[in-house]
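Structure record follows, encoded as structure tokens.
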Amino acid sequence: MRRKVFEELVTATKILLNEGIMDTFGHISARDPEDPASFFLAQKLAPSLITVDDIQRFNLDGETSDNRPSYLERYIHSEIYKTRPDVQCVLHTHSPAVLPYCFVDTPLRPVTHMGAFIGESVPVYEIRDKHGDETDLFGGSPDVCADIAESLGSQTVVLMARHGVVNVGKSVREVVFRAFYLEQEAAALTAGLKIGNVKYLSPGEIKTAGKLVGAQIDRGWNHWSQRLRQAGLA
């Protein structure tokens, strides 16, 4: 079972790179299906180089017995797994269309059925609230990342002010699906704001559409996996 998780993490990384969601500094993790007090995350490498042999195992304090280099931002993952037992996968990216919503006052809200999983709006973690305006804006310490997890609350995504995006979900595939459509939703909202008054999803539409779209996760995964094969990347 763990081997399957490793393979999904590698495939997910390739999909996110191929679809333009992840850049050089993104990373995705999965909770250990055999030990919920642990999670898997690749060693500190450029994402395009990651293989199943690069996966490290961490406890919920972000510690590992693996002596290879680890991402400093592993605490984003550990603190979310610690506070959200329902979460099985965590992704951190600098998703291009979403990134502007990390530094403007306009909230990121769903405007189409594909973005219903967002909820009524995406929370933003503001590091200045506790740490002032001379930080590196980085999620590299347990205390900062505990605050990120707190800002996430029970939602599916949180933005890090002037930095990036954190997606969570109940599976690797679900998180990839959500990351792709969060990017699409942000691009659609930005375009809509340039045209006229935006009509956002209602609470009822968010609830109902979210259930319908959530059932299509494997379809998305299969499509993006095929695109990898067509590109010679799988």
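Here, residue 1 is simply the first one shown, and the rest follow in order.
Heads up, the Cβ atoms here are built off N, Cα and C, so glycines get one too.
Some features that Swiss-Prot has for this protein:
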- Glu73: active site, proton acceptor/donor (ACT_SITE)
- Glu73, His92, His94, His163: Mn(2+) binding site (BINDING)
List the residues in the vicinity of the Mn(2+) site, defined as same-chain residues other than Glu73, His92, His94, His163 with C-beta within 8 angstroms of the site's C-beta centre. Phe25, Gly26, Ile76, Thr93, Gly139, Met160, Gly164, Val165, Val166
Just to verify a number: CA distance, His92 (Mn(2+) binding site) to Glu73 (active site, proton acceptor/donor), in angstrom, no decimals. 9
Do any residues at least six apart in sequence from His163 (Mn(2+) binding site), in the same chain, have a Cβ closer than 8 Å to its Cβ, and if so which, in order? His94, Cys102, Ile127, Leu137, Phe138, Gly139
Taking only same-chain residues 6+ apart in sequence, whose CB is under 8 Å from that of the residue listed as 'active site, proton acceptor/donor', what do you get? His27, His92, Phe138, Gly139, Gly140, Cys145
Please give me the CB contact count at 10 A for His94 (Mn(2+) binding site), counting all chains in the structure. 17
Look up His92 (Mn(2+) binding site) in the DSSP assignment and reduce it to helix, strand or coil. strand
In the three-state scheme derived from DSSP, which category covers His163 (Mn(2+) binding site)? coil
10 Å Cβ neighbour count around His92 (Mn(2+) binding site)? 25
